[in-house]
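Peer 1: Let me give you the structure first, and then I'll get to my questions.
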Amino acid sequence: MNLVLMGLPGAGKGTQAEKIVETYGIPHISTGDMFRAAIKEGTPLGLQAKEYMDRGDLVPDEVTIGIVRERLSKDDCQKGFLLDGFPRTVAQAEALENILAELNRSIDYVIHIQVDKDILMERLTGRRICKNCGATYHLVFNPPAKSGVCDKCGGELYQRADDNEETVANRLEVNIKQTQPLLEFYEKKGYLRHINGQQDIEKVFADIRELLGGLQ
């Protein structure tokens, strides 16, 4: 099974990726992991990517696509893969189609974990961290016993700057704009399947399992 996983920040993509990989025994391939592995192996493309990353620049598409091609050609991808964080653009999606055609493969499904923006805001702005011991809480899902105080050490809880409403709203807006053309591309291809990410974790995964039931 050849899968692409999509979802906005806070949609629970990471949790579902772990469950898919554990259940179906396919590799979880994220862009960051691919870059790190290529750099560690010292491949020509990995070294090129490192140069850009060391300068703080974006790695250009031709390098990223080359690394994806190398990764998908490895033995552990013969029975399938779960791509996460790639593609990010229609140009990358078209390049992925070409790579898979070279390998006589095709995408089975693009799984889009769908969550309303207001729920994503609640999930992403609710995090609180202890200034003293670093313990993490969530005002809705994992609140401290006493408001603003760490259960473990009594330290003060704070909200990280990038978890505030304005920053989170901007981050979501940027992601929505970037994601929309990609969703439309995969909708036209017939690969796209929406999964309701507003349910509890096990129900979300049950829906994914039902979708994947016919695939080997």
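Including glycine, each Cβ sits where the backbone N, Cα and C put it.
I grabbed these lines from Swiss-Prot:
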BINDING   Gly10, Ala11, Gly12, Lys13, Gly14, Thr15, Arg127, Thr136, Tyr137, Gln199  ATP binding site
BINDING   Thr31, Arg36, Asp57, Leu58, Val59, Gly85, Phe86, Pro87, Arg88, Gln92, Arg160, Arg171  AMP binding site
BINDING   Cys130, Cys133, Cys150, Cys153  Zn(2+) binding site
REGION    30-59  region 'NMP'
REGION    126-163  region 'LID'
Peer 1: Nearest to Cys150 (Zn(2+) binding site) by Cα distance: which of the binding-site residues Gly14, Val59, Arg88 is it?
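Peer 2: So, spelling it out, the nearest of the binding-site residues is Gly14.
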Peer 1: Report, as numbers and ranges, which residues of the same chain sit near the region 'LID' (126-163): CB under 8 Å and 6 or more residues beyond its ends.
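Peer 2: Tertiary neighbours of the region 'LID' (126-163) are 171.
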Peer 1: What residue among the binding-site residues Cys150, Cys153 has the most other CB atoms lying within 10 A of its CB?
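Peer 2: Most Cβ neighbours within 10 Å: Cys150.
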Peer 1: Count up the helix, strand and coil residues in the region 'NMP' (30-59) according to DSSP, in that order.
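Peer 2: Grouping H, G, I as helix and E, B as strand yields 22 helix, 1 strand, 7 coil.
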Peer 1: Taking only the Cα atoms, work out how far Phe86 (AMP binding site) lies from Cys153 (Zn(2+) binding site), in Å, as a whole number.
Peer 2: 40
Peer 1: Under DSSP, is Gly14 (ATP binding site) part of a helix or a strand, or is it coil?
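Peer 2: Where Gly14 (ATP binding site) sits, the three-state DSSP reduction gives helix.
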